[in-house]
Structure formats: structure tokens, C-alpha cells
């Protein structure tokens, strides 16, 4: 049986551009997302950016995006590109690291 959390959620694809690789950005994202009950994944891109799939309530995802900009002192995020993923996208079980792309 699905919980209410699984029935009503948004999915956002986010690309963090700037000094976001080699500074612990992905590990920090995983810890923060799991603590906030956000599901999805994070991975490095060959262009030097970090890409994330975020799933949760609009409020959770907006908070995560604010944190992505300023929550990691060693990183310098110049830009966040956010795209909403249209339903139906299946709810992921947890927040994980994917291989680089």
C-alpha cells in the first residue's frame, strides 16, 4: 500500500554549476537530502557540474535548492538550473549517488 507521501510528490532535475566537484558536494547533498526525507540521486557530470534528481514536496524541494546554493562552504554555486519532471515519474526509495556521467 502506498503512503500519502508516495502519492503526492514533485520531481525536479537540478544542475549545479560552479565549483561543485572535488569539494564534498555530493556527499553533503546525500546527507542533507536523507535528513530532509527527500529521495532521488546525485552524480558528477563531465562538464564539471553536479546533477541531482530530487523528489519530495514542493516545500522540501525549494528548501533543498536554497541549501544547494549556500549550504556547502567549500563549494561556489554560480547557477542552479531547475527543471520540473512531469508525472508520472516513479517515487525513488532513497537518495543515492549514481556513477559519473
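Just so it is clear, glycine is given a Cβ too, placed from its N, Cα and C backbone atoms.
Computed from a predicted structure; not experimentally measured.
Feature list (source: Swiss-Prot):
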ACT_SITE  26  active site
ACT_SITE  44  active site
DOMAIN    11-99  domain 'Acylphosphatase-like'
Reported mean pLDDT - the domain 'Acylphosphatase-like' (11-99): 96
Neighbour count (Cβ, 10 Å) for residue 26 (active site): 21
Between residue 26 (active site) and residue 44 (active site), the C-alpha gap once rounded to whole angstrom: 8
